[in-house]
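Here it is, the structure in full.
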Amino acid sequence: MKTLFFATTNENKINEVKNILDIPNLNLIVPQNFNIKETGKTFKENSLLKAKALFEILNKNQNVFGEDSGLCIEALNLEPGIYSKRYDTYKLCKKLSTNEKNQLILDLMKNEKNRHAYFICNISYISKNRQISNFEGIIKGKIALSLNDDKNHGFGYDSIFLTKNNKKLSDLTLEEKNKISHRGIAFSKFKKFLLESLFNS
């Protein structure tokens, strides 16, 4: 049995990651009350920041990884970007619900012809021997014209993001989403790496 620590407390991310990795004899542990300020200027910096913080907490003798992801919209100068999770407080200095955050994006995009956007996911892994590895996944698409929350398989900005097949990420099942999403792509690379390194050591 191999143990791997995930530097997050986001339940939605945990569920997606467990579904993607799905490696026999892998014990994925999520720390309780893990909270760290995301002060990095890029997704990579933030994912590494989380991984390093957890690595320190665990006395530098466990395999850990951190992940950072977000939505980048061309017409908004690639915002919300690294502020995706906290775009409400960044933009309006107040907390909004998920639907309200999605509506905020749609309001900012009102009458905007260029609706191109992409989701990005970055993973930073630190092994027991202090080797650092990085993995990234991107899905390109467009911002929808309206908010449709009839189906709610996803989370975050899934309900306003249209894939190349003109389907919202929120319309997909978890399995369907993980085959094409930024997180699915990044963690598939990470899974391959783990099987070749961690499980062959």
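FYI, residue positions are counted from 1 along the chain as it appears here.
Keep in mind that glycine also has a Cβ here, set from the backbone N, Cα and C atoms.
Dumping what Swiss-Prot says about this protein:
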type: BINDING; residues: Thr8, Thr9, Asn10, Glu11, Asn12, Lys13, Ser69, Phe155, Gly156, Tyr157, Asp158, Lys177, His182, Arg183; note: substrate binding site
type: ACT_SITE; residues: Asp68; note: active site, proton acceptor
type: BINDING; residues: Asp68; note: Mg(2+) binding site
Could you measure between Gly156 (substrate binding site) and Asp68 (active site, proton acceptor) for me? Cα positions, answer in whole angstrom.
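Cα of Gly156 (substrate binding site) to Cα of Asp68 (active site, proton acceptor) measures 13 Å after rounding.
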In sequence order, which same-chain residues at least six apart have a C-beta under 8 angstroms from His182 (substrate binding site)?
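Non-local contacts for His182 (substrate binding site): Ser69, Tyr118, Phe119, Ile120, Cys121, Gly137, Ile138, Ile139.
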Which site among Asn10, Asn12, Ser69 has the most other CB atoms no more than 10 Å from its CB, taking these as binding-site residues?
Ser69
For the C-alpha pair, I'd like the distance in angstrom between Asn12 (substrate binding site) and Asp68 (active site, proton acceptor), rounded off.
13
What three-state class does DSSP give Asp158 (substrate binding site)?
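Assignment for Asp158 (substrate binding site) reads helix.
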Cβ-Cβ under 8 Å from the residue listed as 'active site, proton acceptor', same chain, 6 or more residues apart: which ones?
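Looking at Cβ-Cβ distances below 8 Å from the residue listed as 'active site, proton acceptor', excluding near sequence neighbours, one finds Glu38, Gly40, Phe43, Lys44, Asn46, Ser47, Lys50, Ile82, Cys121, Asn122.
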For Thr8 (substrate binding site), what is the secondary structure by DSSP, using just helix, strand and coil?
coil
